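Peer 1: Right, I'll just put the structure down here and ask away after.
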Amino acid sequence: MAELFYDADADLSIIQGRKVAVIGYGSQGHAHALSLRDSGVDVRVGLHEGSKSKAKAEEQGLRVVPVAEAAAEADVIMILVPDPIQAEVYEKDIKDNLKDGDALFFGHGLNIRYGFVKPPAGVDVCMVAPKGPGHLVRRQYEEGRGVPCLVAVEQDATGNAFALALSYAKGIGGTRAGVIRTTFTEETETDLFGEQAVLAGGVTALVKAGFETLTEAGYQPEIAYFECLHELKLIVDLMYEGGLEKMRWSISETAEWGDYVTGPRIITDVTKAEMRKVLAEIQDGTFAKNWMDEYHGGLKKYNEYKKQDSEHLLETTGKELRKLMSWVDEEA
């Protein structure tokens, strides 16, 4: 079972005694920087020259400096720029500013897991990964609550890396909800698998296949959209609140019976075997290498896939139907 840690297990004074640089000011960056500041931590934000986020960070009362300067000043450096550019930012602005005893933090383990970033032996390497988007992390913190976090230590140069990581998690509200101890390898591999096989890749492929099956059989695209995409939110919300049990308790007996007898015909042993192949490609680094090659090669295939899906009948139908739904903008 998972090892859980709460407020009483973490010493906030540890992170309060350090100088923290948050590199990046996107979804997670703003939540980390503002919440750490409000927890009494000495924070600066490191941004590249010309960053559009600079004005926003300064308006919110944070000190913004170039990335290299932030790294030189701080002894805890949290890298929260997008995965594909982390290695470049590290090599250019962070690597030469690290000192023995410093700590390098990440919000996701990809660049450490696959060796794109190789920290020196004298620094702690930790991860604090909230299991929610940045706006939720910040809102929960402000309301006196928190979002559960994953915490990991890849390199414990000082002997105090885990205590430091727990302290950091407490500074952003994570220990109020609960912190789960993991490893960089476990977090990275499960995160990528979940995204590809279930949450993004799996769901979008399932929705498109269902929509295409109905429209190819002569049903109206609008009706197919409602049945295969729109109502997905109702089911996912129920699962989010109470797992499969609450979802099945809430739907009709007809729908529940269809779940039991038809679901296994759609997600078959063949599908699961393909999932195992996907996991193997994540574990052996194939996916990470291919993704980095694609990104640094100009994103040609990525943009082709994106364009194809934007022109799919599912998408064009949805754009028109959502104009009928006044509540959609209100929920966004």
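The first residue you see is number 1, and the count goes up from there.
For all residues, glycine too, the Cβ spot is worked out from N, Cα and C.
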Peer 1: From the candidates G134, G144, G146, G159, give the one listed by Swiss-Prot for the same NADP(+) site as Y25, G26, S27, Q28, S51, S53, D83, P84, I85, Q86.
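Peer 2: Of the residues offered, the record points to G134.
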Peer 1: Restricting the comparison to the binding-site residues E227, E231, S252, which residue's C-alpha is spatially nearest the C-alpha of E195 (Mg(2+) 1 binding site)?
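Peer 2: It is E231, whose Cα lies nearest.
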Peer 1: Let's see if you can do this one: DSSP helix, strand and coil counts over the domain 'KARI C-terminal knotted' (183-328), in that order.
Peer 2: 127 helix, 0 strand, 19 coil
